[in-house]
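Straight from TrEMBL, the features:
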- 5-403: domain 'Major facilitator superfamily (MFS) profile' (DOMAIN)
- 7-32: transmembrane segment (TRANSMEM)
- 38-59: transmembrane segment (TRANSMEM)
- 71-89: transmembrane segment (TRANSMEM)
- 95-112: transmembrane segment (TRANSMEM)
- 133-156: transmembrane segment (TRANSMEM)
- 162-186: transmembrane segment (TRANSMEM)
- 220-243: transmembrane segment (TRANSMEM)
- 255-275: transmembrane segment (TRANSMEM)
- 287-305: transmembrane segment (TRANSMEM)
- 311-337: transmembrane segment (TRANSMEM)
- 349-368: transmembrane segment (TRANSMEM)
- 380-398: transmembrane segment (TRANSMEM)
Amino acid sequence: MKDKNFLLLVGSQLFSVLGTTIIQFVISLYVLDITQSALLFSIITALSIVGKLICLPFCGILADRLSKKRLMIMMDSLYVGFSVALLLATRLENVLPMIGVLTVLMGMVSAFETPVVQSAIPLICQQEDIPKANGIISSIGMLGNIIGPVVAGMIYRFDAVYPIFLICGSLFVVAIGCEIALYIPILPQKTGTQRVGEIVVGDLLEVVGYLKNELTIVKIGLVAFLLNLFISSFIQVMIPFIARVQIGISEEQFGLMNTFFALGSLVGTLLYSAFANRLSNNSIFKGLIGMSLLFLGLTVPLGLMPSGLPAFWIMVALVTILLGTVTLVSVQLIVYIQLITKQALLGRVMSFIMIISTLAVPLGQLMYGVLGDQLGRNNLLILIIALTGITLGISWYSRNIFQQMKTQLAQLKSE
């Protein structure tokens with residue numbers, strides 16, 4: 001794993017992930033500071049997901065057919081352009097429209113990152129090194145999500161935000177330097193007459209036909225959709241809004257909050273790796289019940305305690321554990337889909353499920369954006385209790401699905 005090419009890939013990913021994480025953090029904090037509005041914050045946040053959704057159907061196809069090295073250089077070059085554009089946008093009197101447009105464009109570019117990098121790993125690593133290489137690249141992404149908010153929180157100043165975009169642009173330039181020196185073999189492609197759009201439509205029809213006979217997978221996708229709609233979107237919109245606008249935490253505390261959230265997700269992944277063999281279908285159901293109880297616990301800092309730093313840190317602790325549980329459940333759901341899906345269709349089924357579940361995020365973000373500007377402290381308490389009831393309902397609905405999964409897995413093992 002000390003191969004020069006792989007080290008260059010690690011370097012490019014490290015600097016690129018740090019740059020994108022810092023930009024996302026700064027945009028979130030800057031929009032909250034200039035608008036003080038949950039709705040406007042949710043719109044900007046949702047736009048990045050919309051951009052990603054636009055490109056998701058094409059990412060895998062283009063990643064397989066175009067030069068991965070050129071795609072990486074192109075993506076980070078675009079990020080340099082976005083950094084400069086954001087720097088200039090902060091000088092405008094009405095900055096929000098430009099931030100909105102750039103957020104959509106960044107979301108579109110970010111959709112290509114995972115398929116391009118993951119498909120490049122087998123081309124620059126030996127067969128036996130691929131699992132370890134994937135683990136290292138995933139760790140780089142998590143490391144960026146942990147370090148980025150802390151660094152951004154330390155250097156962010158509302159009245160002098162533009163130097164941060166210069167720093168991000170510099171990080172992307174270093175990433176481009178690594179990618180220019182990187183060598184990725186180009187595989188010969190079969191020539192065909194089908195256009196990208198025709199391939200996407202054909203793949204979609206094939207997946208839909210397959211899923212008509214595999215309703216368990218569709219139900220798992222529905223569970224993921226509902227969790228993103230009600231839980232993930234609440235965390236992404238309401239928690240930052242409450243922390244920054246209602247409680248009034250500092251930039252450093254906002255950065256630490258995001259770091260703890262990233263750590264929670266990382267711990268969830270590590271717990272699955274450590275206890276994968278001991279987990280069963282019932283553990284997913286128990287995880288969903290645990291999520292419901294943790295969500296109910298938010299009534300203490302957000303409704304029963306006086307608003308202040310003690311309430312803030314209790315909220316952060318609960319959400320951190322909640323995100324760890326969400327990650328643990330999500331990984332188990334992905335693994336079950338991998339186990340019961342026909343291998344020839346696995347990539348397309350996973351892509352379809354990802355698109356459906358991701359679609360819930362902007363819908364939920366906009367819903368909470370509207371509610372956030374309208375709800376008082378007492379109404380927020382009622383909302384949390386209602387969402388707890390919804391999560392318990394999802395848990396109960398999931399119980400039958402996991403029983404069906406258990407039956408299917410038993411049948412596959414006996415074949």
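The backbone N, Cα and C atoms fix where each Cβ goes, glycine too.
In TrEMBL, annotation is done automatically, which means it is predicted and not curated.
The shown structure was predicted, so the numbers you read here are calculated from the model rather than taken from an experiment.
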- Query: Same-chain Cβ contacts of the transmembrane segment (287-305) under 8 Å, 6 or more residues past its ends?
  - Reply: 231, 242, 311-312, 314-315, 318-319, 321-322, 325-326, 328-329, 332, 377-378, 380-381, 384-385, 387-388, 391-392, 394-395, 398
- Task: Using a Cβ cut-off of under 8 Å, list the residues of the same chain at least 6 residues beyond the transmembrane segment (71-89) that approach it.
- Result: 12, 16, 19-20, 23, 27, 62-63, 95, 98-99, 102, 105-106, 109, 112-113, 116-117, 120, 162, 165-166, 168-169, 172-173, 175-176, 179-180, 182
- Long-range Cβ contacts under 8 Å made by the transmembrane segment (162-186), restricted to residues 6 or more beyond its ends, are 5, 8-9, 11-16, 18-19, 22-23, 26, 67-69, 72-73, 76-77, 79-80, 83-84, 86-87, 90-91, 120, 123-124, 152, 155-156
- Message: Counting Cβ pairs closer than 8 Å, which of 38-59, 220-243, 255-275, 311-337, 380-398 has the most of them with the transmembrane segment (7-32)?
- Response: 38-59
- Under 8 Å, at least 3 Cβ pairs, sequence separation 6 or more: does that hold for the transmembrane segment (311-337) versus the transmembrane segment (220-243)? yes
